[in-house]
Every structure is written in structure tokens, then in C-alpha cells.
Amino acid sequence: MTSGSVINGQQTLNPVGDKSDDFTVTGDHQQILTLTKYDEPKPSMTLRVIKQDNQSQYLAGAAFTLQPSAGEAETITSSATSEGQAFATKLIADGTYTMSETKAPDGYQSNPAKIAIQVATTGKEATVTIDGEALKPGESKNGYTLAIDGSTITLQAINQPLAILPHTGGQGYQRLLGIALGLISAAFLLLLVVLIKRRVVKQHD
């Protein structure tokens, strides 16, 4: 910071570079003067994600990517608190964020939906879309339900369990094999009875 001109006993300190903050010092100061500038934090909203299955059981172990429009992507691994919160993070005002699930909890299908969140300049409102379609508070689309309470955005994310396929050689296969063998045995016995009856009839003739 460089000193400016002295006008009527006032010295104006000019900003450095393109910074717009400036200060005015009045009177004569022979000693060193220290100026402290306090910046107010930019408004923000809190994003909460709740991870559940279709039976409302809280899930852990999912991984999400959160990509701000300006900045590096952040990878978040979910936990499962008593309230079901997978994770919570701050979204700075006047920013756009994209969120997607990159890893599903063990035993569950991954949700490929892409969430876009645009936070207003005031930090009190947000616009949310899912796969390019608007998602309003109270609505559910593609496995996500949105709620906004004050400066908190809550997304409830649902994962469907993986389908369980029968294993070759398992109990299902053995049961079918047993039924088939039983039917074959019954057919063989029936054929044997018919042949015996025919032989008996021929002997009587």
C-alpha cells in the first residue's frame, strides 16, 4: 500500500493493484500507524446429503464428487450418523456446484443422476436441477428428494439393492434337479407297470 496526497491535514492511503479498499487518516502522526481491515465472510448455504435404501435404512460407504464452477472437484465419502446424514458441506453464494455419486454403498446400485445447485448471491436461495430438470422442494426425481430450510439444502438420496441371482450348484438348482429326477423315476415306474400288465394279458390269451 502506498501513501497518497495530504489535503487539509488528511492523508489518503491509496489501494494497491485493483483492490477497492481505501482508508483515510486524519491529523499528524509521527509514529507508525497500524491499520487492520476486517473482511466479512461471503454468504453461504449448507448442503446436507442423507443416504438411505428403499427400506429407509441409513447407508454409509458411498462416494460423491462435488465440483464447483470455479475450483477443484472434491471427493466426499459418506458416513451414516444417527440422523442419517451422509455428509454436510458449505456452498458459497453466487456459485454453481455439480454433484454426482461415483461409488454406491456395498450391495447397492449406484445412482447415475447429476445434481446441479446454483446458490443465489444472497446465500439464502438456491436453484436445484437433476439431469437438467428442475427439482423443487418436496419433489422426488431419479432417487433424490429435495428440502430447503432457511440456508440449509437437504438432499435425500435413495439406493436400490443389487438383485441377488441364484448361484450354480446352489439350493435352487439342487431342488430343481431333485424334482426332475423324481418325475423321471415316476415315469419309469408307470411304464414298467404298463409293460407288466400287457405281459399278463398276453399270457391269459
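For all residues, glycine too, the Cβ spot is worked out from N, Cα and C.
Per TrEMBL, the features are:
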type     : residues : note
COMPBIAS : 1-14     : compositional bias 'Polar residues'
DOMAIN   : 47-132   : domain 'SpaA-like prealbumin fold'
REGION   : 1-20     : region 'Disordered'
TRANSMEM : 176-196  : transmembrane segment
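Regional average pLDDT for the domain 'SpaA-like prealbumin fold' (47-132) in the model is 92. Residue counts for the domain 'SpaA-like prealbumin fold' (47-132) under DSSP (helix as H, G, I; strand as E, B; rest coil) come to 0 helix, 46 strand, 40 coil.
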